[in-house]
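Q: Quick one: the structure is below, questions incoming.
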Amino acid sequence: MWSLQDSIFTCERNHEGENIIHYLCRNGGVIDLLTFRNAINDENRYLLSEYNRDGKXCMHIVVSQDKVDPINKLMLLMKWGADINSKDQKDGNTVLHIAVLTNNYEVAKWLCQQPGVDMEIINFARKTPYQIACDRANTRMMDLLXKNGARCDVPLKINTARRRASHDYGVKLIRMGESAR
């Protein structure tokens, strides 16, 4: 009988630029992924961190695409060594950012409870998952994140901060080259 245990996968990709694990994360179930459990060894572990043409690794694909059983897929991928805090190449979003953006409360809650998850990590827009929830006025997601330990900091726009400082504290802002009157 043929075994995947000692197999080494080549770098072949499908027409969408996906390796076999990307494909199974998008189109397969947990059972399909489990078929490859013995094949994810030191020689093949790179498949978990490879990016497809959309700039997503396997974890990002699961959170953004799987509506059936994402948590069990994520558990399996993490057991194999996938990074819970890896950022996609397009927006710098982690799986927690994506769960917030897609209003996936169940996955967001589960991710928040995982050891090693960085709830304060910022994407390329310099936003934490909590700040994204705040920008979208998603109070349910904001509450979920806060209850699971997210810092509830929302940066003020620079002009808003200046106006508040000058109004609330009597601070006069002076431009370079001007003198205080």
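Here the Cβ of each residue, glycine as well, is placed from N, Cα and C on the backbone.
The repeat 'ANK 1' annotation in Swiss-Prot covers 54-86. Annotation source Swiss-Prot lists repeat 'ANK 2' at 91-121. Under the heading repeat 'ANK 3', Swiss-Prot lists 125-154.
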Q: I need to check the long-range neighbours of the repeat 'ANK 3' (125-154): which residues 6 or more away from its ends have a CB within less than 8 Å of a CB in the stretch?
A: 91-92, 94, 96-97, 99-101, 103, 105, 108-109, 112-113, 119
Q: Do you know the DSSP helix, strand and coil residue counts for the repeat 'ANK 3' (125-154)?
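A: Residue counts in helix, strand and coil order: 16 helix, 0 strand, 14 coil.
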